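Novice: This structure is in structure tokens; I'll ask about it shortly.
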Amino acid sequence: MTTKTRFAPSPTGFLHVGGARTALYSWLYARANQGEFVLRVEDTDIERSTPEACEAILEGMQWLGLNWDEGPYYQTKRFDRYNEIIAQMLEQGTAYKCYCSRERIETMRDEQAAKGEQQKYDGCCRDKAPRDTDEPFVIRFKNPTEGSVVFDDHVRGRIEISNDLLDDLIIARTEGTPTYNFCVVVDDWDMGITCVVRGEDHINNTPRQINILKALGAPIPEYAHVAMILGDDGAKLSKRHGAVGVMQYRDDGYLPEALLNYLVRLGWSHGDQEVFSIDEMKQLFKLDDINKAASAFNTEKLNWLNQHYIKELDPEYVAKHLEWHMADQKIDTSNGPALSAVVTALSERAKTLKELAASSRYFYEDFAEFDATAAKKHLRGVAMEPLELVQKKLAELSEWTLEGIHQAIEDTATELEVGMGKVGMPLRVAVTGAGMSPAVDLTLFLVGKARCEQRISKAIEFVANRINS
């Protein structure tokens, strides 16, 4: 039998990290078992579901590279199918019409609460014949009253729930629309889902859904209920912890590989290994290895992984992701070095692509002024002679090469009988406007000969004005 999993988000907001991790685990389980992965949009909450949220979820999945084999399916386009199954269940006697008013239900629950009893529907309409009336009604599933539901969860082990604790679940509302718990069951059956991976907040729904599947004569999938993600204060991760949608991580400069690597480790492990390629995840991932305890989100760890991937991935690939940030920061890269070369030069220090883009601006644009601290320290009177001499030697280079630039700087230091830093630091500030950059010869090479000439002249003028002031 082909392994088939699904990710079934509700389009009421962005794709958050918890949902992304669930999608990743489900996707990995399918890929690890040469199976299929289905994307399904559970949009039955018509009032809260929006096209914008749906688009954000699809965009997030695509950016992460979690490709799907089927879908996206939309529940709102399957109402005819749900109604067909409900009609069958009414005819078979596994569902019934409930005419109890909202007021009666509320009174019943208040009385149960006052007695310390479990609050659930009392079955008033369960065995009554349907009425020939225009009274409003809901449709309820006739849950078994004896026995129990037993299932083996990949994460939590064996779970058993007595049927007398379960309600007669509403499967169709008064206006006729099917409910979430019912739609999920029909979808999983129709789509041949063999394993359901989802958050632990759904675990109470599972025995109810299993009973509906049994009533339909449908196969029961495997289940894996994943623990929640916590903030650093031990509370459930939320917006107040800075929890954001997946695409915000793109906007903040994270690579999809870094976020996927971080999310897979947020509850799953393989020995002490921290860094996993996508291929390694596919080979090693097992649902049974997921930790049942909640995991705490750690931004520092994510930053460490992101820096690792910026340094280790192919610069051409990283440059493709960097393009978005350059455009976002309005940096025109048409007149300057190849972005891949900039990635190679700056990758050692950048934690995010957003930082990398910001620190690369001087390769493409002239700066208005020198950093005050760097200028105060390095563009002093003693810098005049090294700057003038190195400018002359650089201008004499017939070819603009790393070797030639390095030799010009070294010859200047030798001729003036000073250390390389006495030439290199003023030169760095002159060309970049700041006190930090990659190796000064590489920096000059990427900035280009003409720009270097102009900027060194500007620095010499700055030093002269400082001497004369």
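We number each residue from 1, going along the chain as drawn.
Just so you know, glycine gets a Cβ as well, placed from its N, Cα and C.
According to Swiss-Prot:
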{"type": "MOTIF", "residues": "9-19", "note": "motif ''HIGH' region'"}
{"type": "BINDING", "residues": "Cys98, Cys100, Cys125, Asp127", "note": "Zn(2+) binding site"}
{"type": "MOTIF", "residues": "236-240", "note": "motif ''KMSKS' region'"}
{"type": "BINDING", "residues": "Lys239", "note": "ATP binding site"}
Novice: Cβ-Cβ under 8 Å from Cys98 (Zn(2+) binding site), same chain, 6 or more residues apart: which ones?
Specialist: Tyr121, Cys124, Cys125, Phe137, Val138, Ile139, Arg140, Asp168, Ile170
Novice: Could you say which of the binding-site residues Cys100, Cys125 has its Cβ with the most other Cβ atoms inside 10 Å?
Specialist: Cys125
Novice: By DSSP assignment, list the helix, strand and coil residue numbers for the motif ''HIGH' region' (9-19), in that order.
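Specialist: The motif ''HIGH' region' (9-19) comes out at 3 helix, 1 strand, 7 coil.
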Novice: Can you name every residue in this chain, apart from Cys98, Cys100, Cys125, Asp127, with its Cβ inside 8 Å of the center of the Cβ atoms of the recorded Zn(2+) site?
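Specialist: Near the Zn(2+) site, beyond Cys98, Cys100, Cys125, Asp127, sit Tyr96, Lys97, Tyr99, Tyr121, Gly123, Cys124, Arg126, Lys128, Arg140.
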Novice: Using all protein chains in view, find how many other C-beta atoms are within 10 Å of the C-beta of Asp127 (Zn(2+) binding site).
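Specialist: There are 9 such Cβ atoms around Asp127 (Zn(2+) binding site).
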Novice: What average pLDDT is reported by the model for the motif ''HIGH' region' (9-19)?
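Specialist: Mean pLDDT, the motif ''HIGH' region' (9-19): 90.
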